[in-house]
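Features as listed in Swiss-Prot:
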type	residues	note
BINDING	Arg19, Arg69, Thr100, Lys161, Arg262, Leu263, Arg264	GTP binding site
BINDING	Cys26, Cys30, Cys33	[4Fe-4S] cluster 1 binding site
BINDING	Tyr32, Gly73, Ser124, Met195	S-adenosyl-L-methionine binding site
BINDING	Cys257, Cys260, Cys274	[4Fe-4S] cluster 2 binding site
DOMAIN	10-229	domain 'Radical SAM core'
Amino acid sequence: MDNKSVLLDGYGRRINYLRISVTDRCNLRCMYCMPQEGIPKRAHHDIMTLEELQEVAVALVELGIDKIRITGGEPLVRKGIVGLVRELSKCEGLNEITLTTNGLLLSEYARELKAAGLKRVNISLDTLNPQKFEYITRGGSLEKVLEGIKEAQSVGLTPIKLNTVLIGGFNDDEIEDFVALTVDNEIDVRFIELMPYRTGSRLWSLEKFISSDSVLKKVPSLEKIKSEDISSPAEYYRIPGALGKVGLINPITCKFCENCNRLRLTSDGKLKLCLHSDSEIDLAGPLRRGEDIRGIVLDEIKNKPREHSLEDGEYIKRDMFKIGG
């Protein structure tokens with residue numbers, strides 16, 4: 001099949017971006033994301049092998065996917081992750097492989113990942129205060145994350161994007177500090193609205209919600225800039241003369257569904273057409289039976305929803321750490 005194919009959904013949107021969750025396991029226990037006790041260990045046959053994930057990815061690239069992001073859980077806890085990146089990088093028609101991580105293991109893997117073909121990384125980081133970091137992650141080391149950021153910069157996994165979930169009463173006093181990181185560094189900081197999910201429901205309240213207006217009020221020197229990618233969920237701003245950018249991702253107050261270009265593949269082989277929908281398509285079963293999963297995707301892609309319904313209180317049942325954001 002021609003790897004220059006174009007994959008379109010029922011609304012004429014070009015779908016060219018696949019996010020692969022390689023594991024639902026994580027080495028942190030962030031309060032809004034994962035239970036303190038962790039999650040039950042799953043049987044091996046319930047999780048796709050890296051070879052199976054690669055096979056699905058190759059099939060989707062043949063249909064028109066040209067960008068892949070590897071996520072988790074925490075993807076760097078999955079054994080063989082560097083090998084997966086290396087194999088995917090050989091895939092003709094794939095232009096970019098990126099990875100989202102909490103950064104704890106990044107100092108160990110950054111150089112190998114870069115050599116394997118990874119282009120850049122997004123790092124989840126909600127505070128620059130070591131004590132607050134240990135609290136929100138239930139025991140994590142901010143120092144290790146900062147080491148990972150430095151190593152990623154050193155080997156060229158840039159521009160680095162920091163994903164910061166805004167939580168009222170926790171890190172809203174650090175907005176200016178995060179923005180300051182963009183001035184002299186090739187780092188983009190993206191502030192993300194706290195979204196209501198099962199694990200994070202107790203954190204979800206009006207008092208803890210922070211909209212993008214609050215960020216702009218705290219840093220009035222931010223100037224809006226034109227986005228280079230209309231499918232990006234972020235609206236970007238910059239302090240004049242800064243090397244990096246500031247992004248605002250507002251799934252609650254400002255939908256970005258109109259230009260959605262992405263699919264999500266979970267570690268147990270389910271294809272999600274929309275992050276905020278419980279609808280899933282099983283690809284693991286058909287793949288293991290030797291069926292052509294490309295035909296399944298082509299049949300199902302027309303059912304990708306026009307938009308989410310978060311504002312109506314419709315929240316998905318699957319935990320975010322099982323999807324990869």
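Every residue, even glycine, has its Cβ placed from backbone N, Cα and C.
Remark: of the binding-site residues Cys26, Cys30, Cys257, the most isolated position is Cys257 (fewest other Cβ atoms within 10 Å of its Cβ). Proximity of Arg262 (GTP binding site) to non-local residues of its own chain (separation of 6 or more, Cβ distance below 8 Å) is seen for Ile15, Tyr17, Leu18, Arg19, Ser231, Leu275, given in sequence order. The Cα of Cys257 ([4Fe-4S] cluster 2 binding site) lies closest to that of Leu263, out of the binding-site residues Gly73, Met195, Leu263.
Among the binding-site residues Cys26, Cys33, Arg69, Thr100, Lys161, Arg264, the ones whose Cα sits within 10 Å of the Cα of Ser124 (S-adenosyl-L-methionine binding site) are Thr100, Lys161, in sequence order. Comparing Cα positions, Leu263 (GTP binding site) lies closest to Gly73 out of the binding-site residues Tyr32, Cys33, Gly73.
Under the three-state DSSP scheme, Lys161 (GTP binding site) falls in the strand class. In terms of C-alpha distance, the listed binding-site residues Arg69, Gly73, Arg264 place Gly73 closest to Cys33 ([4Fe-4S] cluster 1 binding site). On the 0 to 100 pLDDT scale, the domain 'Radical SAM core' (10-229) averages 93 in this prediction. Considering only the binding-site residues Cys26, Cys30, Tyr32, Gly73, Met195, Arg264 (GTP binding site) has Gly73 as its nearest partner by CA-CA distance.
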